[in-house]
Every structure is written in C-alpha cells, then in structure tokens.
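In what follows, a single structure is set out as structure tokens and then discussed.
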Amino acid sequence: MAGPGSLCCASRGASALLATALLYAALGDVVRSEQQIPLSVVKLWASAFGGEIKSIAAKYSGSQLLQKKYKEYEKDVAIEEIDGLQLVKKLAKIMEEMFHKKSEAVRRLVEAAEEAHLKHEFDADLQYEYFNAVLINERDKDGNFLELGKEFILAPNDHFNNLPVNISLSDVQVPTNMYNKDPAIVNGVYWSESLNKVFVDNFDRDPSLIWQYFGSAKGFFRQYPGIKWEPDENGVIAFDCRNRKWYIQAATSPKDVVILVDVSGSMKGLRLTIAKQTVSSILDTLGDDDFFNIITYNEELHYVEPCLNGTLVQADRTNKEHFREHLDKLFAKGIGMLDIALNEAFNILSDFNHTGQGSICSQAIMLITDGAVDTYDTIFAKYNWPDRKVRIFTYLIGREAAFADNLKWMACANKGFFTQISTLADVQENVMEYLHVLSRPKVIDQEHDVVWTEAYIDSTLPQAQKLADDQGLVLMTTVAMPVFSKQNETRSKGILLGVVGTDVPVKELLKTIPKYKLGIHGYAFAITNNGYILTHPELRPLYEEGKKRRKPNYSSVDLSEVEWEDRDDVLRNAMVNRKTGKFSMEVKKTVDKGKRVLVMTNDYYYTDIKGTPFSLGVALSRGHGKYFFRGNVTIEEGLHDLEHPDVSLADEWSYCNTDLHPEHRHLSQLEAIKLYLKGKEPLLQCDKELIQEVLFDAVVSAPIEAYWTSLALNKSENSDKGVEVAFLGTRTGLSRINLFVGAEQLTNQDFLKAGDKENIFNADHFPLWYRRAAEQIAGSFVYSIPFSTGTVNKSNVVTASTSIQLLDERKSPVVAAVGIQMKLEFFQRKFWTASRQCASLDGKCSISCDDETVNCYLIDNNGFILVSEDYTQTGDFFGEVEGAVMNKLLTMGSFKRITLYDYQAMCRANKESSDSAHGLLDPYKAFLSAAKWIMTELVLFLVEFNLCSWWHSDMTAKAQKLKQTLEPCDTEYPAFVSERTIKETTGNIACEDCSKSFVIQQIPSSNLFMVVVDSSCLCESVAPITMAPIEIRYNESLKCERLKAQKIRRRPESCHGFHPEENARECGGASSLQAQAALLLLPLVSSLFSR
C-alpha cells in the first residue's frame, strides 16, 4: 500500500505530464498559426487559372482576330494629336449658333407680343372664350363642354415624347387662386392670342424647339404647343409663372436686398406667421445674381444668421434654405425700434456696395411690420436723398390700417411700393408687386436683355413630369426676354407685360459634342457666370429614396465641387472670367457607381460661349486620350458591313441631325446614316468625318461576326454554356453583340440594353467595360462583377474585356474594346479547379483551398471579391472580410488607399417636422387646423376672419416630432488600387495571441489577384476596413467662414437700376387682393366628399 509520499509524487508527475502536454499543444498551435503558405503552390494555382480564363476570354471575345484586323490597316491610317484649343473653340462656335437660334425665336415672340398689345384697347366688359389648359375637353354631367373648356384637339407627338399636344395652337393656364374671367386676364389672353402664329412659325424654322411660352405679369401662362394640365390630388395647380426663375431673371436686374422684420410684441400670433411667409416668398424671388440678409428688430437688432453680421450673402439655394431654417426660430416680444433697423440696413448696403462683391446694380430694403409711428424722413434724408438709390418696399401685416400712411409715405418717397397683407392668401400676390417696380427702369430703357437660367428641372409643370428620360426628369436651361408696354401714355410707368421664353434641354448641347474626338475618358462641360455647372458628366441632380427625387441644391453645384482636385480654383476662375486657355492636373475619376477610381492626368481647354453667360471646357486625358486616327474605306464597303443585324450605334451620339425635319424624327441614327449614304434623304445633315470612321470600323470589325457564329455553331466549344455573350465597341460608338445562348436564357437580361447606362455608349461617357479595359496593360483582360453579387441572383455574371490598340506604344489610340460575359458559377468553378493543382509527383498537395486552415479569395485590382468560399461575400470589399490582411497589404504597398470627396452627397439628419399641412397642400388638415384655430382665437376670428385666412390657417400649435430626412452634405470616402509593379507578396501579421500568414499572387494577364489566408488565426483585434463614406462635419467657426466665403463670379453685363423718367407715384395702396370664396372652397369641398 502506497504511503502519502508516493501519492504526492504520483500527483506531481501527473501534473508535470499534463503541463508538458499543454505546452506541446500550445506550441503546436503556434507552429500551425505561423506555418508559411507555400508561394510556389499559390503561384502555380494563379498561373493555371490565369492561363485558362484568358484562353476562354480571348477565344470567345475574338480579341486576337480583331487586333490582327486593325493591324492589317496600320499603314493606311493617319494618327493625329488632338488640338484641344482648336476643338473647344470649334465646339463653342457650334453652341453659340445653336443658342442664337433659340434666342432669335424668343425675340420674334417679344416683337409680336409688344405689337399686339400696342394695338389692343383694354375693354373691361370683354367676353372671350379662350382655351383654358385645365378645362379643355371637359364636359358637364349633360355632356356639354364646360365654359372655357371647349374641344381642343390633342394628338401624340414623338418630338414631345408622345405627349398629346396641339401643334397648331397654344392654350392658357391660370393659377388656382386667380379668377379665370378676371377682365385683366381676359384682355391679356385676347391680345396674346396673336402669338399662336409666331409659335408655329418658330417651330417650323427650328423643329428642335420644345416648349415656347408667354408668362403674363397678370399671372396667366400661355404655352405652345397646347397641352392638357391636370390638377394634383388636391385639385390644385400651384404653378404661377411669375415666381419662376426665368421670369424673375428676365423681368428685373440683379439686386442687393436687406429684409427687416418687426418682431416686437404686437407681431405675435397670426401676424408673425404671415411675416415669416412673406420673407419666405421674397426669398423665392431672389436668384444667384442677387445678395441679401435678414435682420429682425425690437428694442435691439438681431441678425437672423449672427455669423453674417454687417454683410450680405449670395442668394443661392443653399443660403436661402439656411435662412429659412432660422426663420422658424423667430418669436415676438418688446417694442419695435425701426430707426435703429433702418440705419443698419442703409449702412450694410453702402458698405457692401463699396466691397465690389455685390450686384452693383439695384438696392432695396424690404420692411415687414404691423406699423410705423413715424416717417423717419431724417434717416432717408441722411442716407438716400436726393438720388434715392435704395428703394423701400413696405409690407403692412394685418388688417389694421392706423399706421398705413407712414409706411406708404416711406415707400413712395423712396421709389418703392406699399402693400397690405391681411392673410396668408395675400402673401404671394403682394410680394410679386416689388418685381414690377424693379422692372420699370428696364422697361423705360426698352432694353430687351436676353437671359439664360442655370440648369434646372422644372417638375412643377405636368409636361416636365412626362418629358422624363431614363435617368429621370430632363435637365434644361431657359432663354427668356421681357415684354414691355410701348403705349406712349404709360411709358413713364414702365409697365412690364410679361416674359417670353423657350426651354433648351441640356442633352441638346451634348448632341453637338463629338464624343469620338474626346477619347475614352474625355468629356465636355459648361458652367455659368457664377461657376455653377450647366452640364458635366459628374453632375448628379437626382437621388433615390423610394423614387428619384431632385437634390435641393442640384442647380447650384459649383465646378470646384466636381473638379475638386483643383484646390486653387485655377480652372474655375479662368472659365468664370471668360478666358481662353489650357490647364492640366492629376485627377481621380470614379467609375462603377463611385466605387472604383482611375488616376490620370487631364488637360483642360476652355473658352467662352458668346452671347450667353456660359463658358465651355473640354477635358482630354493624357496618353491614348490625346490621339485620334483616320481610316479610309469606300462607302460601298462600309455600307455593306453596316447592314449586318448585329451592328448598332450609340443612340445618344449625333451622327445625323434627325431633329431638323419632322419626317426624320422617327429614324434611328443607324437608319439615318444608311439613308444619307444612299442619297435618299438629301435634307439630312450628318457628320461626314464621324460617318467615315464608322464605315472604317464596320469594315474592320465585320469578320468577327463570322468568327462568333462559327463558335456558336460548334456546341462542343461551349458545352456547358458558361460563356453567354460576346461584344465589342469601337471609338466611333459602333457596337456588335453575339449571344451564345438564347436571349431568354441570359443570366443578366439587362446587359447592354438601353437601361444599362453604365455599359452602353452615352452622350457623356464610353461604356464602363471599355473605360476600364483602356487602362489595363495591352493584351490583358479586366474582369469585374456587380457589387454585392452574392445577394442579387440575376446579376451572377462576370464581365471580361480587353482593349484593342492600333500601335504598340502609349501614344496609340485605343480603337476598340472587346469582351465576354460569363456565368459567375462557371468562372468560379474554373478557379476552384485550378486551386486543386499541385506539382507533387505523388499528387499529395501540401496545401489546398479545400483545407479548413486556409481561406482562398480571388480579388480584383480595386479589392473587390470575385470568388470566396463564402458565396455571400462575392462582390464585397476584401477589407470588410479580411481587415487585418488588407491593412497589411496597404502597409506593404501592394495596395494604396486614395481619399475621395463627394460634395453632392445626401446624408441622413434628424429634423423637427410638423404634422400640419400648409396652405392648399392638404385641404382636409387645413380644415381641421382652421376649426381648432377658430375655437381658440374667437376674438381674432371676429375681427380678422375671412375665407382666405381660414383656408390658409395653421396658425397655432404644430405637432412637432423628429423625422429622419436626407439633406445635402459633404462626404469623404476611400477607394483602393493595386500597385501594378508588385506581382506577389507574402506576409505575416502579429495578432494578439497568434500570427496570421498570407500570400497574394497576381493572376497573369488580368487585373486579378489570388489571396490565400491562414484562417486558423482570426486576428479579430484588427477592425475591418470599410469603404463607407463619412460625413465631413464643420465646426461653427468653419461653417461661418464657408457662409461668408464668396467665390469669384462674373456679374451679368447689363444693369437697369434707375431711370430719370420713372414715375415713382405708382407706389401702392392699402387694398389687398381677395380670392373668390367659391373658388377657394371648391378643392376643400371635393376633398371632404372624396374621403
């Protein structure tokens, strides 16, 4: 029997053995986690897969055949370096001529309108049945046409996107809050009827014209061609032509404005609500050439934005919205000291004028108050008399008229205007009065300035909603001119009759640009006198949240926000100043929804477009982008090869102008070219140089059709139907497509279709597969898959493409790109087959992708996963899956991080929102809100109630709640690019309790890398690397500096601030426009009955 000592020894021995075993186990773990993945084996896998997949891609794309065919013509082509300056000057001249045609059409409308008005005598009893755009073709319950709604023939027209229109007549829209048969409107409609024949004549002269119109100062809107207008779901048409930018810009000159708002105690409640709405309506009338500030006053002065104390700010969309947010914070208390406010306003206007930064034209003070106890003539005598350069516009808020005389005197003594605003319904009409006063000098001068708006999307018009393209609503600019009264007896009054205009879609500009001469990455762009983008391929005016919506600041995106690498604004400022020249810089251009980046050097060439406020620029990328070549084949040869059914041309490129004659509008570009070459349509105008190159490409690429057909017929060549599509595109926009499977069997049904904008030739870019192939080494293929493919079954494809160069040098133009699309499953199967190979004679591999200790990936040159054992990771960024390895690759220089900026981003923000609808937007809620208000404000109701104030009331408590909204913001985000010179890398990562090894090996002749990672060491202490954008948040002082900062801009060339003959006695009265009760009740009643 063993004693205690023996037991103790035995216990110690067991413990020692256990400790030894644990030590060996731990050492085993360390050894296993530090085991080196054999580079030679990974290199073998990469070589096997690379050879196999390139063989498939080259074979099915026909790349070698096409390269050979172009080489055969090498001696017969002439290579030219593109002269960027000459190109941009030529383009500017073409655009100048196009713009001039549009402005001449508008000028003819001006002459006709003024002549018609001169001959017309106002008749207060005039009875005239006109075509009301809302009522046309409407019948009553007995089947009779409604009054003003007689029969108006409408027919679909392909030039207007098959909208039903009447190209013989215009019709008239009257705002909902105005009386259709008001004598002023009936007389205006009557004499403006003579514009019909000019509308038709303009359209005959220039069939590319779209909407032509006359916006009357009385509020009605005459539009050609005539179209049916449909009210919104509340029975309302909110459109009023007088608050559109084109109207305001044409009617007035640039202005500096200080808005003074009385926030004394007497302004509480309804009055303050009306005052806020009045300020908001004034802001609506200010444009990018105007400057403003808002000051509130009681015993003290309060700048609505304290940061902008003592200065004015440009009235762009961002700044106006910033001030609107501050308006909601206003409250009334104390006593109003107007003298202090007036002194401050005059000093600001004087000081700002001396800086030379403002409009240097008209100046005005807008006073919004419920009364003034004095006329403050000593202040006006000190600052404004005798010249009266600052106009005073006074808005009396409320029904009380005790102090109306003082306010009216101020306005009349300072060439301004006085109005009284009793209800919210009065605001819009009364605010518009000041525009007509400011237009007087221009009218007396009889200066018909041509104005062009910035790019905008006018979704308030029903036809704009329907004239949408695949990308959303159409971006356009408007050319407009004012129409004046020429009657002698009204000359000194300077009566503005209205504004005429026509819209010019931005895509019309793009049609004039020869994309084939700009190279694969080249593009043209244009900006306004304020530096805002008119057209640029990087402009993104829409965002998606359920449906496509306009970004709030889309029309004021500055050139510096898309060409952000130009930190000193050298390019922008030169273009704003209408200079002609050249500028170069390295740029980082994103492709594929912004997730990939191409780093290149661009040469920019720029000049002005005469007769407009626009400047034009052209960007050419260095290297192959600066060269162009001319081939030569006979028309007979080329025409024969264009007849093949697999040939298509870029629909958005302008080979022939099919807009000039109505009979050509139905033609595709390919059909137009064929008719042109056959001489069957002598009226067709075509780009001879481009067509010659199209014929050359058609001839050279023709043999590939027979090649693809032979592959398709030999079913054994593609027995598992892995390869589905072969395609090619040339520098002239010519495409050929071949299907190796039936159309219904295609995995990606959208590929190369019209809706697949990224992968087809567009007005402003080459297909994505073409652009990426051009940046690859000649002879290699670029492979890609849609992002997050693992979650989207229909897109489980791999696209492979390669470029075709004419010469074996960097200066060679990239003449074409060819490629294939194959099933992702087929592609991945080839990868896994290759990764099972090994060089061991006994066939026993030291390592395999099937091993649990390793993870194998196939990633591209931007770090996106094409193959992973976890299928759901397909299309994800490698750094999100293997953060530690990606971090090491960045440290070692195998990949580099490139920081990018997005100044057009939309970020989520929490905002207070009201449950109360405003005005006519929701009659039912307006009714309930009004009822509550009537009960709680009975006394005020008895004194001030009328139908307008009842209709528009949301006077009292608004239920506030936090709501997530998308708002414009600036973001920063990374993109990643592999270092081409590094072909292979091995590495070890020291983690907390283990070491993680990996091997990365480039796949030959591709943009791909095989990455094999030791999976036994998780290395969870290293965070994933994400590509998610981060909002750039600015502190208060920086926000203030950004608000104050004003980029260089060019003022409009004309200014009509004053005229000595102006009759200042027309300065307003105390009456306010009352809307008709029945008219206002109609939408409410119909809304209530429909519920």
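Here, residue 1 is simply the first one shown, and the rest follow in order.
Every residue, even glycine, has its Cβ placed from backbone N, Cα and C.
Swiss-Prot lists D262, S264, S266 with the feature divalent metal cation binding site, giving similarity to another entry as the kind of evidence. The annotation domain 'VWFA' is assigned in Swiss-Prot to 256-438 on the grounds of sequence analysis. According to Swiss-Prot, the feature domain 'Cache' maps to 452-549. Per Swiss-Prot, N-linked glycosylation site is recorded for N166, N309, N553, N632. If you look up Swiss-Prot, you'll see Y924 marked as phosphotyrosine. For 262-266, the entry in Swiss-Prot reads motif 'MIDAS-like motif'. Positions annotated as signal peptide by Swiss-Prot: 1-33. Per Swiss-Prot, topological domain 'Extracellular' is recorded for 34-1068. Here Swiss-Prot flags 1069-1089 as transmembrane segment, drawing on sequence analysis.
Known features from Swiss-Prot, placed on the structure.
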residue: N166; record: N-linked glycosylation site; DSSP class: strand
residue: D262; record: divalent metal cation binding site; DSSP class: strand
residue: N309; record: N-linked glycosylation site; DSSP class: coil
residue: N553; record: N-linked glycosylation site; DSSP class: coil
residue: N632; record: N-linked glycosylation site; DSSP class: coil
Using all protein chains in view, find how many other C-beta atoms are within 10 Å of the C-beta of S266 (divalent metal cation binding site).
20
Within 8 Å of the Cβ centroid of the divalent metal cation site residues D262, S264, S266, which other residues of the same chain have their Cβ?
V263, G265, M267, R271, N298, A332, I335, G336, T369, D370, G371
Nearest-integer angstrom distance between the alpha carbons (Cα) of N166 (N-linked glycosylation site) and D262 (divalent metal cation binding site):
50
Please list residues from the chain of N632 (N-linked glycosylation site) whose Cβ is under 8 angstroms from its Cβ, counting only those at least six apart in sequence.
D76, V77, Q692, F696
Express the predicted model's confidence over the domain 'Cache' (452-549) as a mean pLDDT, rounded to an integer.
84
Drop a 10 Å sphere on every Cβ of the glycosylation sites N166, N309 and tell me which sphere holds the fewest other Cβ atoms.
N309
For N309 (N-linked glycosylation site), identify the closest of the recorded positions D262, S264, S266, N553, judging by Cα separation.
D262
Compared by Cα position, which of the binding-site residues D262, S264, S266 is the closest one to N553 (N-linked glycosylation site)?
D262
N553 (N-linked glycosylation site): tally of other CB atoms within 10 A of its CB
20
At a 10 Å cut-off from the C-beta of D262 (divalent metal cation binding site), count the other C-beta atoms across all protein chains.
25
Within 10 Å of the Cβ of S264 (divalent metal cation binding site), how many other Cβ atoms are there?
20
